[in-house]
């Protein structure tokens, strides 16, 4: 059995990189793991974007999850929040409760975690390890120029509503695991569920172009409502325009809509932007290699809410259940 | 049963205060709870000190702990890390896994949490709530002028070694609960264990006066070793000079030394300072109303380690067990 300190050192501290210096001032040395606190500062004229997420066994992942995938996902869901603000990831802290110090598990978990962290120049700067039921809590820090963050309260009447990538694969993967439907030959639903890709480059590219933005973690319907409520606006959305993979498209209509409109764990971005930004967004989609799809508009007036339509423009009455940790699934 | 969103709103978001603005720039609006990320920036010329701690039932607190005390302690242990760097607390995030949404429990927990947060002008700026085995993960943010942080690697030969307050009451309280010894009439060991007071004002006052510092969470012997190892120096400590309450002093010698030298959960500060700072430290102790006691010196040379002595100056050979989450207690 490894002691707490050798465990932290072996799997995490040795692989932690020092946060990069952001000021010329010699006194502003950043400080990583090993003291009571880490010390960082955003570049001059920037703010620090901060998000925290806690992942619990049986709720956010299955007990038999591949630990490499879990290390990836635990950081990915946090980086997705940073992306949704248009911030650039810089550092993170990791608090970990483990039922036992299983070296093979820790090796794979830390490999998955650091592979993603290194791709995004995101340094582990602090943490805590304890024994207890498996629980992973990551807090992540990003930089964004003052005033440039993509907030939820900035949607305006007349804006287009956009989503990145495709929606519904993660929920479809969960349904296949649960036996609600069968996954078609060769489809990658499990990868969508376990290896979400945070849209970091897209979020940064949307600074100054998009108005409001968030990441879709709990399902499009519920998450879009956060933008609408905070911006005090109403949306009209074409449910059939919501982009999905061929495998999700092949599901029965009710299942497809449940996956695309209310499925959680997608971590694509949903954002609003003025009509004049369409050409700029086409260029951004090409540059960051992520498809962007226009799915609706912010209406000129009306109370916060979503008017769903189908491809023919006919109104749809949908009963969708979003993801809520304190409701039964 | 409350849903996740109404639960967050009722007990936490409504009581969250917006982080205070730190720049004159209108674009630098800070942002609290309710978006993908919070947005903060330290004042110009400052760094952000960041610490994270995870508390687990059965490991850091008893299942029947008073939830008000738990709310206090969960934030206090984090504020103690901020204090140990000489930083001023500014904001925190809270991630909470709960087995059920018990309203009375949440009311008391949030009351204890916010009572301490408000005393230190520390705003709740973000968080996450999920169902799962009880787990509390707080990440806290403080401001410290560039170059002024009290680091562990700054002890110098000839420094005095100091501790604040008294040590051992929390460990003595744990021993009383476990039946290792009896608590004397009227002693406040349980309070020491459940309601530690982070030494925030002291930490700030020590900027520019102390060299190295940390907070004593795992016991003096183990924590002082962190300073010695990182600073590459050796210490001589008078075990009988380590300050303790009358109730701890009344314990048998071996129990007293276990409590004062290796007892965890005290959250007093241990720091080193040059001999010339003694008068300044006497003034600081008066100003912040926390007693400071000199317990030893940093030796002119030698490998990192502690030479323990008794009041007569005779060498002591001590076998002390520090607190390590992956060892049996």
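Even glycines carry a Cβ here, placed using N, Cα and C.
Keep in mind that TrEMBL annotations are predicted by a computer and have not been checked by a curator.
If you look up TrEMBL, you'll see A:34-142 marked as domain 'PurM-like N-terminal'. For A:36, A:81, A:215, the entry in TrEMBL reads Mg(2+) 3 binding site. Annotated Mg(2+) 4 binding site per TrEMBL: A:36, A:51, A:81, in sequence order. According to TrEMBL, the Mg(2+) 1 binding site annotation covers A:52, A:53, A:128. Residues annotated as Mg(2+) 2 binding site in TrEMBL: A:53, A:81. Positions annotated as substrate binding site by TrEMBL: A:60, A:265, A:323. Per TrEMBL, ATP binding site is recorded for A:127, A:128, A:152, A:217. The domain 'PurM-like C-terminal' annotation in TrEMBL covers A:156-306. Taken from TrEMBL, the feature Mg(2+) 5 binding site applies to A:218.
Distribution of TrEMBL features across the structure.
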residue: A:36; record: Mg(2+) 3 binding site; DSSP (3 states): coil
residue: A:51; record: Mg(2+) 4 binding site; DSSP (3 states): strand
residue: A:60; record: substrate binding site; DSSP (3 states): coil
residue: A:81; record: Mg(2+) 3 binding site; DSSP (3 states): helix
residue: A:152; record: ATP binding site; DSSP (3 states): helix
residue: A:215; record: Mg(2+) 3 binding site; DSSP (3 states): strand
residue: A:265; record: substrate binding site; DSSP (3 states): coil
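The 10 Å shell around the Cβ of residue A:81 (Mg(2+) 3 binding site) contains 27 further Cβ atoms across the protein chains shown. Within 10 Å of the C-beta of residue A:52 (Mg(2+) 1 binding site) we count 27 further C-beta atoms, all protein chains included. Each of the binding-site residues A:36, A:215, A:218 was scored by the other Cβ atoms within 10 Å of its Cβ; the lowest score goes to A:218.
A C-beta separation below 8 Å, combined with a sequence spacing of at least six in one chain, links residue A:60 (substrate binding site) to none of the other residues. With an 8 Å limit on C-beta distances, the binding-site residues from A:52, A:127, A:265 that reach chain B are A:52, A:127. In this view, the densest Cβ surroundings among the binding-site residues A:53, A:265 belong to A:53, judged by other Cβ atoms lying within 10 Å. Residues listed for ATP, A:127, A:128, A:152, A:217, cover a largest CA to CA span of 31 Å. The two recorded residues residue A:215 (Mg(2+) 3 binding site) and residue A:265 (substrate binding site) have their Cα atoms spaced 10 Å from each other. Counting other Cβ atoms within 10 Å of each Cβ, the lowest count among the binding-site residues A:51, A:217 belongs to A:217. Residue A:127 (ATP binding site) sits 27 Å from residue A:218 (Mg(2+) 5 binding site), taking the Cα positions as reference. A gap of 9 Å separates the Cα atoms of residue A:81 (Mg(2+) 3 binding site) and residue A:217 (ATP binding site). Counting Cβ atoms from all protein chains shown, residue A:128 (Mg(2+) 1 binding site) has 23 others lying within 10 Å of its own Cβ.
Distance noted between the C-alpha atoms of residue A:51 (Mg(2+) 4 binding site) and residue A:217 (ATP binding site) is 14 Å. A distance of 15 Å separates the Cα atom of residue A:152 (ATP binding site) from that of the residue listed as 'Mg(2+) 5 binding site'. Restricting the binding-site residues A:52, A:53, A:265 to those with a CA within 10 Å of the CA of residue A:217 (ATP binding site) leaves A:265, listed by sequence position. Here the Cβ of residue A:152 (ATP binding site) has 21 other Cβ atoms within 10 Å, regardless of which shown protein chain they belong to. Counting every protein chain shown, the Cβ of residue A:127 (ATP binding site) has 23 other Cβ atoms within 10 Å.
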